[in-house]
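So that you can see what the record holds, here are the features copied from TrEMBL:
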DOMAIN    106-218  domain 'HotDog ACOT-type'
Amino acid sequence: QLLDGDYSPVLDATFVMVARDPENKRPAFVNPLIPESPEEEEIFKQGELNKLRRIDFCTASLLKMAPTAEERNIIHDIFLNTLDTRQEGRVSFRSRKLPPNSVWMEDAKLKSLQICHPQERNIFNRIFGGFLMRKAFELGWATACSYGSSRPFIVSVDDIMFQRPVEVGSLLLLSGQVCYTENNYIQVRVHSEVYDADTREHHTTNIFHFTFISESGVPRVVPKTYGGKYL
């Protein structure tokens with residue numbers, strides 16, 4: 001983008017592509033990449049570092065590991081700030097109050113349902129990943145717009161990992177949740193899952209994280225439940 005006579009970057013994105021055999025859908029052979037210049041070697045090394053970072057991120061999930069001491073203190077402070085202490089001597093863990101200029105996390109969500117039609121399929125007769133990403137982004141944007149009461153602008157899109165393919169004809173359920181706010185920044189988590197009407201089972205396909213910036217300051221989102229503090 002040309003700005004004041006100089007070109008400035010508009011977007012910086014990293015993609016991880018997976019090669020699949022179109023006949024058996026198994027991993028396909030990929031010719032090794034050989035860097036031939038110092039610049040290419042630096043890019044190659046950065047790719048290796050990104051790979052290790054993704055592995056570390058998966059192993060450090062709060063679904064597999066307990067929170068650190070610092071994280072536990074933050075969770076406890078959030079809980080204490082929501083206790084209703086107006087009745088001295090009668091404080092109860094079930095007596096909660098919303099801090100000033102705040103919104104309960106459970107009240108900062110939107111949901112949508114998509115029927116996955118054949119025109120959105122890829123060469124493997126599964127739903128194209130770009131379609132899922134667009135629908136998740138649209139719901140994330142709408143969630144941030146509703147929460148901030150103004151038009152938000154995208155700042156960052158976190159890593160997107162496809163955990164499970166989406167079949168044609170699936171019912172795609174998307175849940176957008178504001179999980180963190182600071183000043184005029186809004187972080188939205190979008191959970192994507194498919195519903196099998198025959199077995200009545202739900203399966204997670206993706207979890208997206210989007211960071212938006214609002215035109216003005218936004219209220220603080222406050223989790224009421226223990227699980228909400230992990231988001």
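Note that Cβ sites are derived from N, Cα and C of the backbone, with glycine treated the same way.
Curation does not apply to TrEMBL; its annotations are automatic.
Look at the domain 'HotDog ACOT-type' (106-218): DSSP puts its residues at 25 helix, 53 strand, 35 coil.
Over the domain 'HotDog ACOT-type' (106-218), the average per-residue pLDDT in this prediction is 91.
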